[in-house]
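Before any comments, here is the structure.
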Amino acid sequence: MQRRDFLKYSVALGVASALPLWSRAVFAAERPTLPIPDLLTTDARNRIQLTIGAGQSTFGEKTATTWGYNGNLLGPAVKLQRGKAVTVDIYNQLTEETTLHWHGLEVPGEVDGGPQGIIPPGGKRSVTLNVDQPAATCWFHPHQHGKTGRQVAMGLAGLVVIEDDEILKLMLPKQWGIDDVPVIVQDKKFSADGQIDYQLDVMTAAVGWFGDTLLTNGAIYPQHAAPRGWLRLRLLNGCNARSLNFATSDNRPLYVIASDGGLLPEPVKVNELPVLMGERFEVLVEVNDNKPFDLVTLPVSQMGMAIAPFDKPHPVMRIQPIAISASGALPDTLSSLPALPSLEGLTVRKLQLSMDPMLDMMGMQMLMEKYGDQAMVGMDHSQMMGHMGHGNMNHMNHGGKFDFHHANKINGQAFDMNKPMFAAAKGQYERWVISGVGDMMLHPFHIHGTQFRILSENGKPPAAHRAGWKDTVKVEGNVSEVLVKFNHDAPKERAYMAHCHLLEHEDTGMMLGFTV
């Protein structure tokens with residue numbers, strides 16, 4: 001944090017003493033302070049160090065083993081500048097293999113950090129990132145095949161903040177941790193003794209791993225002292241399987257200024273902001289009075305995700321206004337998007353996402369046996385019963401020898417790291433048609449090595465705030481089309497990935513490799 005920002009925030013926290021007595025009591029005692037990840041910049045040699053290790057974190061009254069980058073849980077926000085090369089030295093102090101994927105970065109397959117980029121226990125990997133893409137909020141996380149869900153659940157995730165000349169000219173809020181605030185939202189399930197309770201089994205392979213505790217930057221319902229004016233929130237849905245739907249507790253609007261790959265042409269005003277797993281959106285919200293309010297996530301129509309306490313609006317964080325003013329603004333225009341090129345004559349690739357019917361049926365049965373009808377709130381019951389072969393449900397063996405590890409597929413094939421499915425042409429636009437027809441599950445589909453444009457999303461034109469640069473598209477029982485282009489090489493040994501970002505689907509086969 002720069003000295004002037006530190007001094008200003010120190011003053012801001014001091015001003016909390018000027019709040020009304022009741023407000024001070026709420027601020028001081030009721031909620032933990034929102035943890036702010038360190039903003040990690042390069043050293044004099046243009047290098048950054050990330051150390052992956054295990055530690056201890058406290059959630060409520062219990063302490064759990066967690067994993068983190070440069071700490072016990074989560075990680076720093078790595079700051080990158082467009083046009084400036086950075087070398088990242090990654091040290092793995094875990095007792096198992098891992099990888100580090102740069103989600104949203106347009107970098108060659110050699111440094112993308114997919115499942116082939118293994119860092120052994122006690123090992124080191126160095127990658128040089130030549131950043132040449134617009135300012136954006138991206139992130140990094142493990143991509144160890146078959147274990148991505150568990151390693152993310154244990155705590156491994158960090159932000160990437162890309163800056164360029166264009167964004168620095170805008171008067172957006174930019175005081176890190178004060179009026180420019182990272183918000184990493186994840187749900188967790190804990191065992192009776194307080195440890196993270198991760199399971200990859202038939203049920204989670206079908207619907208994903210989810211929990212009943214929501215963490216924001218690793219804390220339960222924290223609060224943030226915000227100066228008056230515009231507050232910028234960099235939202236990341238870091239959940240394994242839970243989609244979120246952000247809103248405010250007092251219905252003040254959110255102004256979306258950026259999606260996965262950077263700024264929108266102009267702010268988009270919304271009252272609700274659905275965010276899929278792995279997606280990022282930057283929003284501005286006006287803090288223009290003395291009234292505290294909550295950022296909340298509203299109930300979603302996703303299998304298993306309306307189980308209490310998520311059957312009603314659930315607090316993500318409290319925003320507590322303080323008596324000083326910030327200087328950031330909400331510009332009328334933000335950036336320019338290139339016009340979509342002609343789609344005539346482009347290579348068309350068709351990807352059919354599918355789940356083994358046995359997995360569907362067994363997973364849903366186990367979900368309903370564990371959680372009851374609440375697990376299906378908001379779902380189409382007639383469609384579900386058809387999917388589950390309801391008449392046969394009582395004759396299932398609850399797992400037996402069923403191989404759920406390869407039960408999710410793309411174009412009829414479970415992921416094979418040694419067999420890329422196709423070769424994309426470098427520097428050429430392609431039209432990818434991604435279908436979830438015949439499958440009722442939510443599949444946020446993520447493509448490595450590119451930022452694309454959504455042509456249609458689940459059979460409809462994309463919403464205004466989803467029409468900019470994206471690396472993830474919603475596929476849910478329908479067809480989505482995206483316009484992609486790859487500007488870097490990805491040879492067979494370091495192929496790019498395209499996969500469902502519901503991590504348990506990815507870990508059980510719904511992923512493909514492709515070369516450029």
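Including glycine, each Cβ sits where the backbone N, Cα and C put it.
Residues H103, H141 are recorded by Swiss-Prot as Cu cation 2 binders, and the candidate that the same record lists for that site, out of H488, H501, is H501. Per Swiss-Prot, the candidate among H405, H406, H443, H446 that belongs to the Cu cation 4 site alongside C500, H505 is H443.
Cross-referencing H465, H499 against the Cu cation 3 binding annotation in Swiss-Prot, which names H143, H448, picks out H499. The binding-site residues H101, H448 differ in how many other CB atoms lie within 10 Å of their CB, and the one with the most is H448.
Within 10 Å of its Cβ, the residue among the binding-site residues H141, H499, H501, H505 with the fewest other Cβ atoms is H141. DSSP assigns H443 (Cu cation 4 binding site) to a strand in the three-state reduction. The domain 'Plastocyanin-like 1' (55-165) scores a mean pLDDT of 98 in the predicted structure. Nearest to H499 (Cu cation 3 binding site) in space, judged by Cα atoms and limited to the binding-site residues H101, H443, H446, H505, is H446.
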